[in-house]
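Everything below concerns the one structure shown next.
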């Protein structure tokens, strides 16, 4: 394949495309050129991409937007209907078609089909209609897509690395056609959203996350690589499914698992360099914490479930202070769920309290309580607790149920990360409202079916006094003549901008202060108009602007900590971030 693209000087047209940088970007890495801008006679483009081949190449295909001159020059005449559509008209037509589908999974499949045939149009749709299409390409619809991935699988959109490839992972990475990779999202499929072990079918998560890296954060598509590590599955239903696309064996654990992951991490650094961002996604608790702790000092790694969730929730809490009053240190937090999301959020809250008050971290943690499947985490349980729960074991009598914990602790903030739906019952919400003028309730579990309560339940049971946000989207709710607009504590607010900030600054390691910087940048984007509606997050319609500010804050912190390698530091980091963003506009093929 590579030899097909060779120029006389030995460089490939794809390499030259990256170097042209017509679209701007980080050292010309991000920009998609207009192709023939740097090849005036289009000789090589003409030889490689013409006729039927051009229409089947998703990066360069424009469909009915090819002009008459382009159709003549590239042997497209007769292969397309005679009509000429602008990119805007193509977008209008496709949105009309998408809205006619009644089943969300049909919309998801239509979007994936579009991505595979016309990349720029896919991203233009997603950017221009982000609030409408985000639930389609990501949560909650992506959960159903992963459950049915074997049935809807058409063509690979990333790399599948299984136990069969042990000892040759570097060779597998080199099979991927793109060589300049900036971001990898990797999962082993063991804990997909709140749906459990979906094995190899978890690939829908890295694919979805990376489409958001591009649409929301402006990272160019060819710099993104989705990867699924297939070590088997313990899901018997999948193992018995004749259409299951992964390894048919129980999950590898222990030494076998650790050796495969170690080989993978080493191969990634060897193939893509020191500054490739590796985002761990939907690993089970026992592996998520260990992988992050093991590799955070040797690789540029980020766990969205632990760190991304924590950053977006902290941003919402900081913003909510304008509605509920006080400082973070004045509030008491109670979590339902003590896994990677819950403990990650709790730790970042404690870190922020510690930094703002100059109190020891151990003291700040005492404002935060966690409930797991066995009840309130207290010191008498310490010996039997997993290591990541032990910092949250405070002195208190044992409490078995959430309602009892709410009544005993009297929190001002209730946060759900349990992955179990309907756990914020009427009694729990009423209890929160009984001792809080404005109870802050965050039902963060995904997808929608696993949310601890709905927006309507939170507003109704609190008699319209709750400040509510969720992990998956809910429609506005009318109560007593007032319309409440629920916020969405979606990680998509954070990780695209966070990743862009790391890349554009050439950051070599992730530091906790960068997560705090991202939270502060997001909280600062909430306007008085948003507060008037009860929102603690800004609308997604402005997400690219928000991402640019987050990227700038993260990059600034990286430079401050001496972890940035792109020197000198740009004078205006927000403008620099905006200039780095990929824009899916058709080029002109002369």
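Any Cβ shown, glycine's included, is placed from N, Cα and C.
According to TrEMBL, the protein has these features:
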DOMAIN    115-296  domain 'Malic enzyme N-terminal'
ACT_SITE  138  active site, proton donor
BINDING   191, 446, 490  (S)-malate binding site
ACT_SITE  209  active site, proton acceptor
BINDING   281, 282, 305  divalent metal cation binding site
DOMAIN    306-559  domain 'Malic enzyme NAD-binding'
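Annotated features, which come from TrEMBL, shown on the structure.
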| residue | record | contacts (Cβ under 8 Å, 6+ apart) |
| --- | --- | --- |
| 138 | active site, proton donor | 208, 209, 211, 212, 492 |
| 191 | (S)-malate binding site | 197, 282, 283, 284, 285, 288 |
| 281 | divalent metal cation binding site | 185, 186, 187, 205, 206, 209, 303, 304, 305 |
| 446 | (S)-malate binding site | 139, 140, 143, 193, 194, 471, 472 |
| 490 | (S)-malate binding site | 134, 139, 312, 471, 473, 537, 540 |
* List, in sequence order, the residues of the same chain other than 281, 282, 305 whose Cβ lies within 8 Å of the centroid of the Cβ atoms of the recorded divalent metal cation site. => 187, 191, 192, 205, 280, 283, 288, 303, 304
* Within the predicted model, mean pLDDT of the domain 'Malic enzyme NAD-binding' (306-559) -> 96
* What is the Cβ neighbour count of residue 209 (active site, proton acceptor) at a 10 Å cut-off, with all protein chains included? -> 27
* Structure fact -> All chains considered, the count of other Cβ atoms within 10 Å of the Cβ of residue 305 (divalent metal cation binding site) is 23
* **Protein Cβ atoms within 10 Å of residue 282 (divalent metal cation binding site), excluding its own** => 25
* Asked: On the Cα atoms of 191, 446, 490, which are listed as binding (S)-malate, what is the maximum pairwise distance in Å?
  -> 18
